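Residues or ranges marked as domain 'UCH catalytic' in TrEMBL: 1-203. Among the features that TrEMBL reports, site 'Transition state stabilizer' is placed at Gln63. Residues annotated as active site, nucleophile in TrEMBL: Cys69. According to TrEMBL, the feature active site, proton donor maps to His143. Marked as site 'Important for enzyme activity' by TrEMBL: Asp158.
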Amino acid sequence: MRPTWQFGDVYGLDPELLSMVPRPVCAVLLLFPVTDKYEAFKKEEEERLKDQEVSPDVYFIKQTIGNACGTIGLIHAVANNQSHLEFESDSPLKKFIEQTTKMTAEERAAFLEKDESIRVTHESSAQEGQTEAPSLDEKVNLHFIAFVNVGGHLYELDGRKPSPVVHGKTSEDNFLEDAIEVCKIFMARDPQEVRFTIIALSKDSY
């Protein structure tokens, strides 16, 4: 990607701290703990998801690779904001999105499993971090999901779920605040937990 848009930390959820996030924001990623309470909610939610209407313009991919939720979240953030973002001419991510545009969520997952360029990028990025990256089959109880605005609707995109989750209407101006309201629900579900991190994909203001 060209560095015209950058990921940055969201330091807090009150209006003053949210005002520090550069605008516009086109995607929000939430890292949260997968607890027994969350798994029970997820199972119950699946029944309700069957009746929702999802725009065909939403790019959604299932997660079939262990410990790749960060990469899946990034794909969801980028693929649903192609009109905003700029790609390098030889971008493996752009090529992957173009090749999988007309596929189902399951077909995209299978294609990702075989995509060497994305796998190599994922592994090299994981090793650059300050903490040791877990192996693909190591049990990890933290999970990344993405929030995006497609057609004026706020979507939660989680590759572990059967489909996108619609969280009502939103706009470019209110997208960050609307996504944060959904993040607060995740936090309220597990009030004793502190392992939540939020990052926003914003237009670089420099």
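Any Cβ shown, glycine's included, is placed from N, Cα and C.
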Around the Cβ of Asp158 (site 'Important for enzyme activity'), the count of other Cβ atoms that are within 10 Å: 23
Long-range same-chain neighbours of Gln63 (site 'Transition state stabilizer'), Cβ under 8 Å, sequence gap at least 6? Cys69, Ile72, Ala109, Asp158, Gly159, Arg160
Do any residues at least six apart in sequence from His143 (active site, proton donor), in the same chain, have a Cβ closer than 8 Å to its Cβ, and if so which, in order? Leu31, Phe32, Pro33, Val34, Cys69, Asp158, Arg160
